[in-house]
Amino acid sequence: MKIGIFDSGLGGLIIARAIRKVMPEYDYVYLGDTKRVPYGNRSHEAVFEFTRECVDYLFRKENCAIVIVACNTASARALRKLQKEYLTPSPFGHSPLAGGEERKILGVLIPTAEECVKFESIGILGTRGTVDSNTFPVEIRKFNKRAKIFQNSAPMLVPLAEEGEMENAMPFIKEYLQPFINKKLDALVLGCTHYPIFKNQIRKILKTPARGVLADIKLISQDEIIPKKLKDYLKRHQEITKKLSQNKTARILVTDMTKSVQKLTKKWFGQNIKPRLISF
Ligand code: DGL
């Protein structure tokens, strides 16, 4: 069985690539919902419905033993409900999946919140959906009761990234970081799959002398966190790990195929894997 990685678009490939680097032995299948990205400005209901469709596909059609919901918006809006749906035994004594096999669904929000334990003043940059859900502050306070938390959404960064227009992002990044200036932040969470792409630009802005107060800030980036957390999880959950096949393969599935999808897949996953178009 495989490890499934799901994202609303292609940004999650950066996390997928980092996971595969740490654990190359397993078989991976990535699903990017490129037809419906971005999720960040959609209703709670739509995000849940789309996420359920994608996760279900990975379980039923791709035979995944575990699915990582790499998308923060989906982790905030849909994860708990999906975990309940898949993991709660049905009245017939098995999970809703055929065969009653137990599967796992993990998100990226809680592992990221755990990383915030040592900081006092924390900024969260996320999509509108993630910020409005207030999930990051709630989860961070479970590990760090006294944290001062400030949030801002960065709605233009995902479309710019998915279009491959990273170099045009600077004015937007400046604007989105503005509310954090003078907050004496110790850490800034890049709370969206696509933001690590802008890491250097974000660092550059934070380091300009006029923004000196933010110069030493720690950037909390999920591509640096999730692989290790997943590795630890798999060590602790042998009931899942023992089901995973180890042929070192990776496949990329998308719900819409464009030139930009093909280009970015190669750029962000770092390998020449041809994405395959699927439909539900
Ligand atoms: N993947 C989503 C996330 O991490 C961002 C992209 C979107 O808005 O769909 O929040």
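Placed from the backbone N, Cα and C atoms, the Cβ positions cover glycine too.
What TrEMBL says about this protein:
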type     : residues                                               : note
ACT_SITE : Cys71                                                  : active site, proton donor/acceptor
ACT_SITE : Cys192                                                 : active site, proton donor/acceptor
BINDING  : Asp7, Ser8, Tyr39, Gly40, Asn72, Thr73, Thr193, His194 : substrate binding site
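In this structure, the C-alpha atom of Thr193 (substrate binding site) lies 6 angstrom from that of Cys71 (active site, proton donor/acceptor). Sequence-distant contacts of Asn72 (substrate binding site), defined by Cβ-Cβ distance under 8 angstroms and a gap of at least six in the same chain, are Val108, Leu109, Gly126, Thr127, Thr130, Gly191, Cys192, Thr193, Gln222. Residues Asp7, Ser8, Tyr39, Gly40, Asn72, Thr73, Thr193, His194, recorded as contacting substrate, have a largest CA-CA distance of 12 Å. In three-state terms derived from DSSP, Asp7 (substrate binding site) belongs to an extended strand segment. Taking Cβ-Cβ distances under 8 Å and a sequence separation of 6 or more, the neighbours of Cys71 (active site, proton donor/acceptor) in its chain are Phe6, Asp7, Ser8, Gly12, Tyr39, Thr51, Val108, Thr193. Cβ atoms within 8 Å of the centroid of the Cβ atoms of Asp7, Ser8, Tyr39, Gly40, Asn72, Thr73, Thr193, His194 (the substrate site) belong to the same-chain residues Gly9, Gly11, Gly12, Val37, Pro38, Cys71, Ala74, Thr127, Thr130, Val158, Cys192, site residues excluded.
Around the Cβ of Thr73 (substrate binding site), the number of neighbouring Cβ atoms within 10 Å comes to 33.
Sequence-distant contacts of His194 (substrate binding site), defined by Cβ-Cβ distance under 8 angstroms and a gap of at least six in the same chain, are Gly9, Gly11, Leu157, Val158, Ala161, Glu162.
Around Gly40 (substrate binding site), the C-beta neighbours below 8 angstroms that are at least 6 residues distant in the chain are Ser8, Thr73, Gly126, Thr127, Arg128, Gly129, Thr130, Ser153, Pro155, Val158, Cys192.
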